[in-house]
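Under the heading ATP binding site, TrEMBL lists Lys7, Phe8, Gly9, Gly10, Thr178, Asp179, Arg189, Lys214, Val215. According to TrEMBL, the substrate binding site annotation covers Thr52, Glu79. Per TrEMBL, the feature domain 'Aspartate/glutamate/uridylate kinase' maps to 3-235. Among the features that TrEMBL reports, domain 'CASTOR ACT' is placed at 339-402.
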Amino acid sequence: MRIIVQKFGGTSLATLELRKRVCDIIAATKKDDIGVVVVVSAMGRTGDVYATDTFINMVKEINPSPSPRELDLIMACGEIISGVLLASQLSFRGIKARFFTGQQAGIVTDSNHGNAHILYVNPKNIINCLKEGIVPVVAGFQGVDEKGEITTLGRGGSDTTAAALGVALNAEVIDIFTDVEGVMTADPRIVKDAKLLNVVTYNEICQLAREGAKVIHPRAVEIAMQKSIPLRVRSTFSDHTGTLVANVMTGTLDTVKLISDNLITGVTYTSNISQFKIDISTVQDKKGYELKIFKSLALAGISVDFINIQPEVILFTVGMENTRKAIEVLENIGIHPEVELDCAKVAVVGAAMTGIPGVMAKVVEALSENDIPILQSGDSYTNIWCLVKREHMETAVKALHDKFELGK
Ligand code: ADP
Ligand code: MG
């Protein structure tokens, strides 16, 4: 039997009306010889009554640091609610459907509560369900560890569930249905003329996703890539074919068209970053000093990024949520950092940009034309990024998008 996995994001499931559209899509895909496996997120977005954040807040109002085990149990509720509702709605319409929790769907993870990794998938219940001609509706974002404890997979975890099931079931394609037409050259909420990318490679989408384009989770791409299962990112609300993520496109007759990376794929951003600056110009034992800083932060469980050590200064960033703790840790060892709160990272991403001269010059030009100070910058062979103040983030993204003419 041919199998197609279809994952629906929170905004696609938010109301009865919207779920009608989702039911239509599933009904149109399911055929006698095509089984559809549905994966759902929790309904709505932050602030909505059955959204994951609402559940987290419910517990945190009572206890600001609940146990990770309990937190995972309540976080897993959102997908159970949306999945049961969707399966019931499908069945009521005459499309037989059956709901499965992550555990029932055989999603087995490590025990890292809140950000668990899938170890393996045992899809026997899903396969049996498909054999009966019934549509399995699976709760995304959740699994079970080998001790039987419920775990969750972190932000974007439903994408990961869909990819893991797609691989386990050898699906023909994994459809990621969301609220935009597909993967675009920038977040269309910020850049009005962002262009839809019709076809991208796994490599390109991985880079974009890692740099912050939240339209698909990078882990999901990495999983789908293992068996080269094509991913299609598309809108629940239109019939557009969306973005195909694959390495080859089968052409006509016996030709196979290869897909190559773009020079520049897109512009991304991430916010909620604090930059730390420590003056070491007068420090004698620099090596010992550096070690003390990074060891203390590591011991406190604070992850640091964008580390840049120069003879006069040490620069690094931490997530906003860790800023206070990081300052405390450093002050405890007698170090008084200069902290730039509320920064954002903007990045120009392009898997084929390596070795092309002038990319950095254009980045600097775009930001300086808009009087945006660059607080720090860095690059790899697939991206160039700059740290800017949060208040400049949107302008920076638009300016970079314009400078590289990505809307054309
Ligand atoms: P879902 O709930 O369906 O998983 P997400 O909010 O996780 O949806 O992802 C979709 C959102 O990703 C879009 O609404 C869009 O604002 C954002 N986004 C960020 N970067 C991009 C990009 N390059 N292309 C498309 N969407 C993007
Ligand atoms: Mg998402």
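Any Cβ shown, glycine's included, is placed from N, Cα and C.
No curator has checked TrEMBL annotations; they are predicted automatically.
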Secondary structure of Thr52 (substrate binding site) (DSSP, helix/strand/coil): helix
Max pairwise CA distance, angstrom, over record-listed ATP binders Lys7, Phe8, Gly9, Gly10, Thr178, Asp179, Arg189, Lys214, Val215: 22
Counts of helix, strand and coil residues, the domain 'CASTOR ACT' (339-402), according to DSSP: 24 helix, 23 strand, 17 coil
Long-range Cβ environment of Gly9 (ATP binding site), under 8 Å and at least 6 residues apart: Ser41, Ser158, Ile176, Phe177, Thr178, Asp179, Thr236
Neighbourhood of Val215 (ATP binding site), C-beta criterion under 8 angstroms, separation at least six: Ile176, Thr178, Val180, Gly182, Val183, Met184, Ala209, Val233
Neighbourhood of ligand 2 - binding-site residues from Gly9, Thr52, Glu79, Arg189 with Cβ under 6 Å: Gly9
Alpha-carbon distance [Glu79 (substrate binding site); Lys7 (ATP binding site)] in Å: 12
CB contacts for Arg189 (ATP binding site) [other CB atoms within 10 A, all chains]: 10
Those binding-site residues in Lys7, Thr52, Glu79 whose CB falls under 6 A of ligand 1, listed in sequence order: none
Cβ packing number for Thr52 (substrate binding site), 10 Å threshold: 25
Protein Cβ atoms within 10 Å of Thr178 (ATP binding site), excluding its own: 24
Arg189 (ATP binding site) and Glu79 (substrate binding site), distance between Cα atoms, whole Å: 26
